Each structure stands twice: as C-alpha cells, then as structure tokens.
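Some features that Swiss-Prot has for this protein:
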type	residues	note
BINDING	Ser10, Ser16, Gln17, Ser18, Met94, Tyr95, Asn96, Phe97, Thr138, Arg139, Gly140, Gly141	FMN binding site
Amino acid sequence: MSKVLILKSSILGGYSQSAVLIDHLASHWETQGAAITVRDLGGKDVLPMVDGEIASGLRGGAELSARQQEMLALSDTLVAELKANDTIVIAAPMYNFTIPTQLKNWIDFIARAGVTFTYTETGPKGLVEGKRAVLVTTRGGAHKDGPTDHVVPYLKTVLGFIGITNVEVVYAEALNMGPEAHDKGMSEAKHSIEQLKA
C-alpha cells in the first residue's frame, strides 16, 4: 500500500482551485488503495511563522527556551511525517509569482542540516531519499517554463536539496484568463491527475 502525504497550502478556502485538484487526486488515489494523510497548511494545520528564535532553536542545543523546545518537537513531527510517506503531494498555487507563505513555513521547519540534508566535502547531500513528489500548481496566468514561474523551479530545487529528485508536475494555468481558459486549464489538470498512479 502506497503511503501519501498531501500538503495543501491555499489560503482561499472554498475558492481554492488547488484544493479542488488535490481533492480530485485524493479521491482517485484512494480507489487505488493509497493511505493518505492530509496536512492543510493554509487552514487547520497552519504553522507558526519561523522567526529568529525558532530558527535558532531548530539547530538544537542544551539551553532552549520552552517555545524553542515546542517548535523543535513540531519540526521533528513534520520531518517524521515526511519520511514515513512514499509520495509527497504538494499543492502549490502561485501567489505573486511564488509559493504561499504557509508552504514556505513548512519548508523552513523541515529543511534542517543533519536531519534532512547534510554538507559533505563534495557539496550538500539530501537525506530524504527514495521518495516521489507530485506538485499540483495553479496559477491565474500562463507561466509554465517561463521566467515568471518561481514556483516549480524553486520547489524542485528544495526537494532535490533534501534528496527527493523524482518529481512530477501537474499544471493548471490561465485560470483567471476567462471562463473558457479556466475550464480548459482545470480539465487538463484533472486529466493529468487521472494518469498518475498512487
């Protein structure tokens, strides 16, 4: 049985197009027997903003404040959740040409030297290996493979840095460029999702 972690990151609630696609993917994969865990980073599972105190605490140490200990424990939970699943599905709507703050927060909690990556004499090495990632990205305009897409290249870089290099991408583009373009973008994305195996 494939174990899947789904990360939602939209802050738009019922208006979220990425949530529609993620729910479609979850339903499709559940019929294939996948065990799915959902973390709604833009909703009920929103994470604290990583500030200087938290960032310092995530490096560990003997003299951590109560808040730092709590945030380190949260980070450990998120990392364990990441490592426990075979496939990581990331909903990545484009907000102002990049990913939502809520998703960046998750990255800041799990990207830890000595835990999810390490530095060697030949450069960095990811420690989260043998995983697959699926990015589901929605955007109001058309940005795929262009200089204004700072979503997919960034996420591929981060995932590769921690060891996840098997990355598939589902695009839903031009969603704000009129009803016809919206329907076409969503239809093509749903079709792409239906071709994916859990």
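Along the chain as shown, residues are numbered 1 onward.
Here the Cβ of each residue, glycine as well, is placed from N, Cα and C on the backbone.
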Which one, from the binding-site residues Ser10, Gln17, Asn96, Thr138, has the smallest tally of other C-beta atoms lying within 10 Å of its C-beta?
-> Asn96
List the residues of the same chain that sit at least 6 positions away from Gly140 (FMN binding site) in sequence and have their Cβ under 8 Å from its Cβ, in sequence order, or write 'none'.
-> Met94, Ala174, Leu175, Asn176, Met177
For the FMN site as recorded (Ser10, Ser16, Gln17, Ser18, Met94, Tyr95, Asn96, Phe97, Thr138, Arg139, Gly140, Gly141), determine the largest distance between any two Cα atoms, in Å, rounded to the nearest integer.
-> 17
For Gln17 (FMN binding site), the three-state class that DSSP assigns = helix
Please work out the number of neighbouring Cβ atoms within 10 Å of the Cβ of Met94 (FMN binding site), leaving out its own Cβ.
-> 23
